[in-house]
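First the structure, in the form of structure tokens, and then the observations on it.
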Ligand code: SAM
């Protein structure tokens, strides 16, 4: 018998993957956690029925959410990842020589444990003995309220704006992010599909621009996410990522998607996306 798994991406559309097996299902205090093995995407982490990451295309998302902001900052030393329980973003962050401390605050310890067991390629840096990693299981919203003037770069690698991640898409949260950053700090957040989440993107852009002098949106093609085109929003206190010195990016950084040209070209927006954020 053939097994198929559908993620309902909008009220009217789903992405259906033929699967070989369900490797894990469990329920945490926050969400249903599953890992399925699919033919097209390989192993996939699924939270509350929503695809989070897959062996097939995870490199695009993780490289783009980590390297674009980190290369937009001239010397990122202290970095925070909020969410990101699968470990892919931290794996990319610790590649940067300048990074001395990579903190991660993930609300759900079960996501971390399951990723370590079923997605070792992605979670490879989630190792207690990693010299740069400081992993905390806790609420990123609460953590943000408690810190001040601490981080060079904050990466909000969150799930959709429902459930435990909802408050990560609010003006109050961005105020705390601003406070937690150093005077020249910057942050990035995954901000969904420019086709299907236009109202959300507009609102976030306005909220972030009301606090940060520099706000930029950038794009990447990510097959598993709704519409295949995914956007990220940066709020920066000082540096404009569009004018970052791309010569600083090593030629052989070991990435499969990100490179010097992508660092620049990802900020080129189609007209309909420019309309959303003007
Ligand atoms: N790449 C993914 C995507 O765009 O769908 C996101 C991956 S990562 C698994 C998202 C993580 O954010 C989840 O593990 C979830 O538990 C975590 N998360 C949600 N709300 C959070 C919060 N308030 N504080 C910290 N982590 C949170």
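Each residue, glycine too, has its Cβ placed from N, Cα and C.
For the domain 'PABS' (2-237), the mean pLDDT of the prediction comes to 97. Taken from TrEMBL, the feature domain 'PABS' covers 2-237.
The Cβ of residue 164 (S-methyl-5'-thioadenosine binding site) lies under 8 Å from the Cβ of 30, 31, 107, 108, 139, each on the same chain and at least six residues away in sequence. As annotated by TrEMBL, S-methyl-5'-thioadenosine binding site applies to 31, 106, 139, 140, 164.
Other Cβ atoms within 10 Å of the Cβ of residue 62 (spermidine binding site), summed over all protein chains shown, number 25. Per TrEMBL, the feature spermidine binding site maps to 62, 86, 157, 158, 159, 160.
As annotated by TrEMBL, active site, proton acceptor applies to 157. A strand conformation is recorded for residue 157 (spermidine binding site) in the three-state DSSP classification. In sequence order, 65, 81, 82, 83, 84, 89, 190 are the residues near residue 157 (spermidine binding site), counting only same-chain partners six or more apart with C-beta under 8 A.
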Filtered binding-site residues, from 62, 140, 158, 159, whose Cβ is under 6 Å from an atom of ligand 1: 140, 158, 159
DSSP three-state assignment (helix, strand or coil) for residue 31 (S-methyl-5'-thioadenosine binding site): coil
Candidates 106, 139, 160: member of the binding-site residues with the richest Cβ shell (10 Å): 106
List of residues, in chain order, with Cβ under 8 A from that of residue 140 (S-methyl-5'-thioadenosine binding site) and at least 6 apart: 82, 83, 105, 106, 107, 156, 158, 168
